[in-house]
Amino acid sequence: MEKNAEKKRIVLVPFPLQGHITPMMQLGQALNLKGFSITVALGDSNRVSSTQHFPGFQFVTIPETIPLSQHEALGVVEFVVTLNKTSETSFKDCIAHLLLQHGNDIACIIYDELMYFSEATAKDLRIPSVIFTTGSATNHVCSCILSKLNAEKFLIDMKDPEVQNMVVENLHPLKYKDLPTSGMGPLERFLEICAEVVNKRTASAVIINTSSCLESSSLSWLKQELSIPVYPLGPLHITTSANFSLLEEDRSCIEWLNKQKLRSVIYISVGSIAHMETKEVLEMAWGLYNSNQPFLWVIRPGTESMPVEVSKIVSERGCIVKWAPQNEVLVHPAVGGFWSHCGWNSTLESIVEGVPMICRPFNGEQKLNAMYIESVWRVGVLLQGEVERGCVERAVKRLIVDDEGVGMRERALVLKEKLNASVRSGGSSYNALDELVHYLEAEYRNT
């Protein structure tokens with residue numbers, strides 16, 4: 001019997017945090033433009049209020065077994081474990097209902113690597129499944145390596161400086177001390193998550209939001225190591241206009257930027273989940289003030305209990321918002337540098353606009369990205385240890401004023417052109433998207 005002539009349907013299952021939802025929605029928009037219908041399965045906490053950004057998308061709710069508010073209380077590892085243990089039944093019911101509703105037209109379930117419970121439903125209902133990793137290819141490589149380690153032995157081995165500085169085989173300049181384990185809770189539990197993430201089960205492919213011009217060696221490693229196709233499609237945010245934010249963006253900062261000099265502003269944003277201590281905020285404020293450069297600072301809701309001193313400093317030279325339209329900010333000609341936590345989305349967005357970075361990572365994956373920003377791509381400065389006003393001032397001047405910053409900006413602009421070329425017709429990411437579409441269509445015909 002021939003398949004239904006209507007659009008083939010893709011079901012997307014994002015992990016319920018901003019940094020994971022945004023690229024998943026961008027992927028959905030890219031596939032929608034290629035002729036697929038898109039259904040997005042979200043928990044109650046993530047129901048989309050601005051559906052006008054995604055005309056034609058269907059949104060379905062998976063009843064939450066654990067509220068998103070528990071993420072910070074439990075920590076990311078325990079939240080992921082609990083979410084996966086308790087979500088399978090409600091998700092299967094949701095997909096079974098979709099099959100009845102749409103006449104078995106689901107071509108594939110694409111799920112975030114942290115939502116690995118989705119694979120069991122796909123297998124039971126005989127639907128092809130594909131994994132989407134929203135981090136870097138190098139981070140996925142690290143998960144593969146970590147999944148094979150014994151936690152107790154690794155902790156002992158890593159006390160030896162010689163082991164710490166050993167380069168991971170075929171992955172220069174990645175060293176064992178760079179493997180992203182810090183800030184993730186008990187190591188043994190984290191390694192269990194790594195094992196779940198890299199276990200492809202019956203998934204038929206892996207999609208990564210990256211480009212071969214940024215991570216060629218890591219992508220080559222994955223293509224050799226994994227037994228299924230790997231599709232590097234990034235940066236997805238240049239190929240689509242998807243704009244989904246769980247937090248309300250304050251656009252007044254664009255008006256403020258319009259009044260600033262060319263490449264003079266340092267933009268500061270540390271992501272949607274990172275918290276800062278009051279002392280660190282104060283030292284940052286004084287360092288920024290002493291640099292004599294204007295600054296745009298995102299201090300999100302829940303972290304605004306600042307000393308009065310900070311408000312006075314900011315009123316003279318800066319602008320504070322609770323959340324900014326980041327892509328618009330980074331493309332603005334007044335922005336000369338980006339102080340970032342180095343989440344992968346922010347890293348891609350900054351490089352795509354040719355903006356060099358001050359790197360202040362909080363956890364293991366962010367530290368991995370920061371190492372590549374500073375040492376591999378050489379488009380940023382890494383701030384380590386306690387934040388102190390003198391080091392903040394020096395970092396800003398290195399980036400905005402000194403010749404060193406000029407070199408970083410030139411290298412960032414070269415990468416910008418390479419990344420933009422990769423998503424144009426004939427580019428590596430453009431071709432990878434076409435290959436993925438053909439693959440999904442073939443999988444659909446064979447079901």
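Using the three backbone atoms N, Cα and C, a Cβ is placed for every residue, glycine included.
Annotation comment: Swiss-Prot describes Ser272, 324-326, 341-349, 363-366 as UDP-alpha-D-glucose binding site.
Annotated features, which come from Swiss-Prot, shown on the structure.
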residue	record	DSSP class
Gln326	UDP-alpha-D-glucose binding site	helix
Gly343	UDP-alpha-D-glucose binding site	coil
Glu349	UDP-alpha-D-glucose binding site	helix
Glu365	UDP-alpha-D-glucose binding site	helix
Name, in the order they occur in the sequence, the residues of the same chain whose CB lies under 8 A from the CB of Gln326 (UDP-alpha-D-glucose binding site) and which sit 6 or more residues away.
Ser269, Ser346, Glu349
Other CB atoms within 10 A, centred on Ser346 (UDP-alpha-D-glucose binding site):
21
